[in-house]
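All remarks here apply to the structure that follows.
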Amino acid sequence: MYIEEKKLLSDFWVIGISYHKSDTALRGNYAIDENQYSAILKTAPAQGVHELFVLSTCNRTEIYGFAKCPNDLIKLLCQHTVGSHEDFFRNAYIKNGNDAIHHIYNVSAGLDSQILGDYEIVGQMKQAIQVAKEHGRVSWFMDRLFKSSLQSSREIRSKTELSTGSVSVAFAAVKFIKNNLGQNNHAKILVIGAGSIGRTTCLNLLQEYAPLQIYITNRTQETAEQLANNLGLQTLDYNNVKESLVQFEVIVVATNARNYILGKDDFASDAQTILVDLAVPQNIDPAVLLNKNIALANVDDLSKINDETLRNRTAEIPKVNAIIGFHFHDFIEWYSMRQNVPIIKAVKEKLHELNVLLFDTDKSKDKCDVQKALNTMAMELKKEGEFKPGCRYIETMHKYISESVS
């Protein structure tokens, strides 16, 4: 279902909160799960917002949409999360028009990711757009913009080194584990959560430490068993997690839980344990660090792990910006011409009438002449990036009539 009304760039906004100005705990207050996303999309029209999508990851929560003012989008976000308006305004960013459009290109490229070039954002954006489409909240404008940003992202991936090498939050988690665990290939590792992040973490662990004793657990046992069978892992019943923690040297948590699932009382005081919290909101209470035998890292901590790969990626930024610039300007040009479609259709009808009344009743010739005039007008509208349909409409009509008379 597509919304076909005219779109003004001045009404297009992105409002968001991200790692740039907020930590994991604060971002967690604005994180959106599937149920919250569905509720936002369903209630948005009642607040005058008919076109939008929400991108919620461990790095950011953003709403892209058309609204008379950004407060309409901010209100939607705060109504469906535990985050306050005050915290949002202190830490948020609000972009409008061209700036909002440019932002989506940066995000899809991985240029705005907490770990530069992290390509996982593309899959997350695809999913966010698809859900919005299913609710009828995506128009021709957003559909074209998203496809253009994906095309730009693919070109960046194929023509630059921005996303080469193994650098992601999951990979950084493995580096943190390695730094704390050393070469202990006999350690037992428990991964709680069998979603995309949990799966990627398991793959990275296997590449770095195989053979390893890796156990996977998930609230839905079938999901855990499927991942275990695919990767050759072992499973642990989710109901037995807490009583089994003492068996593991490393525990990675990546679930969709909205609160802490592990706290300081869940760990023995004399047990050396490495904890990695990949969830937003956080799933491990930071108070576990009161136990001196525990090492803990969350997504913000992991993003600080730097290496040669990231330095090489940074050198690619000028190339990336050039590619983004090309696709951005191409989209703006398309949008400007798209806005003139109603004018061109109206002129087409009038030209047909004028041609029949004044000059020729030959329909095939009429069709050819009219199309020629329309092509001329379209070129005039496109010249020099200026869009002044009134003046050029008159000029084109004048040219057409003059040529026809002569």
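Positions of Cβ are set from backbone N, Cα and C atoms, glycine also.
If you look up TrEMBL, you'll see 15-160 marked as domain 'Glutamyl-tRNA reductase N-terminal'. Among the features that TrEMBL reports, substrate binding site is placed at Thr57, Cys58, Asn59, Arg60, Ser113, Asp118, Tyr119, Glu120, Gln124. Among the features that TrEMBL reports, active site, nucleophile is placed at Cys58. The site 'Important for activity' annotation in TrEMBL covers His103. Per TrEMBL, domain 'Quinate/shikimate 5-dehydrogenase/glutamyl-tRNA reductase' is recorded for 178-305. The annotation NADP(+) binding site is assigned in TrEMBL to Gly193, Ala194, Gly195, Ser196, Ile197, Gly198.
Location within the structure of each feature annotated in TrEMBL.
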{"residue": "Thr57", "record": "substrate binding site", "Cβ contacts under 8 Å, 6 or more apart": "Ile121, Gln124, Val280"}
{"residue": "Cys58", "record": "active site, nucleophile", "Cβ contacts under 8 Å, 6 or more apart": "Thr24, Arg27, Gln114, Val169, Ile197, Leu278, Ala279, Val280, Val299"}
{"residue": "Asn59", "record": "substrate binding site", "Cβ contacts under 8 Å, 6 or more apart": "Ser18, Tyr19, Arg27, Ser113, Gln114, Ile121, Val299"}
{"residue": "His103", "record": "site 'Important for activity'", "Cβ contacts under 8 Å, 6 or more apart": "Val14, Lys95, Asp112"}
{"residue": "Gly195", "record": "NADP(+) binding site", "Cβ contacts under 8 Å, 6 or more apart": "Ala254, Thr255, Asn256"}
{"residue": "Ser196", "record": "NADP(+) binding site", "Cβ contacts under 8 Å, 6 or more apart": "Glu120, Gly123"}
{"residue": "Gly198", "record": "NADP(+) binding site", "Cβ contacts under 8 Å, 6 or more apart": "Val191, Ile192, Ile216, Asn218, Leu227, Val252, Ala254, Leu278"}
Residues flanking the NADP(+) site, with Cβ no more than 8 Å from the Cβ centroid of Gly193, Ala194, Gly195, Ser196, Ile197, Gly198 and excluding those residues themselves: Val191, Arg199, Thr200, Thr201, Asn218, Ala254, Thr255
On a simple 10 Å Cβ count over all chains shown, which one of the binding-site residues Ser113, Gln124 is most densely packed? Ser113
Return the maximum Cα to Cα distance in Å (whole number) over the record's substrate-binding residues: Thr57, Cys58, Asn59, Arg60, Ser113, Asp118, Tyr119, Glu120, Gln124. 15
Secondary structure composition of the domain 'Glutamyl-tRNA reductase N-terminal' (15-160) [DSSP: H/G/I, E/B, coil]: 82 helix, 20 strand, 44 coil
Across every protein chain in view, the count of C-beta atoms other than its own within 10 A of the C-beta of Tyr119 (substrate binding site) is 18
Give, as a single whole number between 0 and 100, the mean pLDDT over the domain 'Quinate/shikimate 5-dehydrogenase/glutamyl-tRNA reductase' (178-305). 93
For the domain 'Quinate/shikimate 5-dehydrogenase/glutamyl-tRNA reductase' (178-305), jot down how many residues DSSP puts in helix, in strand and in coil. 52 helix, 28 strand, 48 coil
Just the number: how many Å between the Cα atoms of Tyr119 (substrate binding site) and Ala194 (NADP(+) binding site)? 20
Counting every protein chain present, what is the number of Cβ atoms, excluding its own, within 10 Å of the Cβ of Ala194 (NADP(+) binding site)? 27
